[in-house]
Amino acid sequence: KLLYQLLFIYDHANPLNITVNMEKLIQCPVFSLPDPQWYPARQSIRLDPKGKSLKDEDVLQNLPVGTTATFYFRDLGAQISWVTVFLTEYTGPLLIYLMFYFRVPFIYAPKYDFTTSKHWVVHLACMCHSFHYVKRLLETLFVHRFSHGTMPLRNIFKNCSYYWGFAAWMAYYINHPLYTPPIYGEQQIRLALIIFLFCQIGNFSIHIALRNLRPPGSKTRKIPYPTKNPFTWIFLLVSCPNYTYELGSWLGFTLMTQCVPVAFFTLVGFIQMTVWAKGKHRSYLKEFRDYPPLRSPILPFIL
């Protein structure tokens, strides 16, 4: 019914302009175009060509417009659900790592096909790596609640290249027949295992806390605070402790394996998570005037 009140002007070289009679549509939520080519997930409706997209829950009467307003439509391109992306990018590393662990043919020399390493740290590393990605898959299915249902299709290729490529690089060296254990032996491995498990539990605890802030089907944003769970007390000092614990997990895995590709993966991941954490921290400060001032994005008092 909304379409009867709209004037569409489309130019292939420019965004689609939409002129709306605000007096008639004052109580209506922001609309979408009923075109199979532009399904709602790939539509971006804006008040300004260079501005941010309007949210699905925005109401016309609350927007800074007069009796007549011009909206700008942009095609976001093919979209894919976040769940599908996460399941794909996390399943890959799990299976790829296991291929190297079991030494399937054509990876190492033929005499090593389907053999096992003589070092127990290699088996422990495989269990930790598998545990991490199984945990991620289960969280994707049963824990995470996404504020946006989809993301650009092209991202799945970028994300999978990152996760799958690093998994193969790490697994090749950790499971290599010539791999040597860490310098300080069992003490180093046990310390690394404690760090890894501690941070995995912490990461899961933060994901549960963030999930509980958002009711099912809601896009409500609230300030996260510590709960009775001690692993959430880091919220006192950090805006994105899930990234802090994630970094700790990979630092533990690096210490456990003493492998350069793992260290490089940890460094790259830390840089990317820092970018995300700073962005979320700025959003919190902008959205909530009473946001705790002592919090840092990812590392307490440092970063």
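Using N, Cα and C of the backbone, Cβ positions are placed for all residues, glycine too.
Here the domain 'TECR-like N-terminal' (35-75) has a mean pLDDT of 63 out of 100. As annotated by TrEMBL, domain 'TECR-like N-terminal' applies to 35-75.
Look at TrEMBL and you will find 150-303 tagged as domain '3-oxo-5-alpha-steroid 4-dehydrogenase C-terminal'.
What TrEMBL lists as transmembrane segment is 80-102 (among others).
Listed by sequence, the residues of this chain that lie at least six past the ends of the transmembrane segment (161-179) yet keep a Cβ under 8 A from its Cβ atoms are 89-90, 92-93, 96-97, 99-101, 103, 107-109, 112, 115, 117, 119, 122, 125-126, 129, 257, 259-262, 265, 268. The transmembrane segment feature in TrEMBL is assigned to 161-179 (among others).
The transmembrane segment feature in TrEMBL is assigned to 191-210 (among others).
Long-range Cβ contacts of the transmembrane segment (230-245) within its own chain (Cβ-Cβ under 8 Å, at least 6 residues beyond either end) map to 199-203, 205-207, 209-210, 224, 273-274, 276-277, 280-281, 284, 292, 294-301. According to TrEMBL, the feature transmembrane segment maps to 230-245 (among others).
Panel annotation: around the transmembrane segment (251-276), residues 121, 124-125, 128-129, 132, 166, 169-170, 172-174, 181-183, 188-189, 191-199, 240, 243, 297-298, 303 of the same chain, lying at least six beyond its termini, place a Cβ under 8 Å from a Cβ of the stretch. Taken from TrEMBL, the feature transmembrane segment applies to 251-276 (among others).
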For the transmembrane segment (191-210), find every same-chain residue at least 6 residues outside the stretch whose CB is under 8 Å from a CB in it, and list them.
124, 128, 131-132, 135, 139, 143-144, 182, 224, 227, 229, 231-232, 234-235, 241-242, 244-249, 251-256
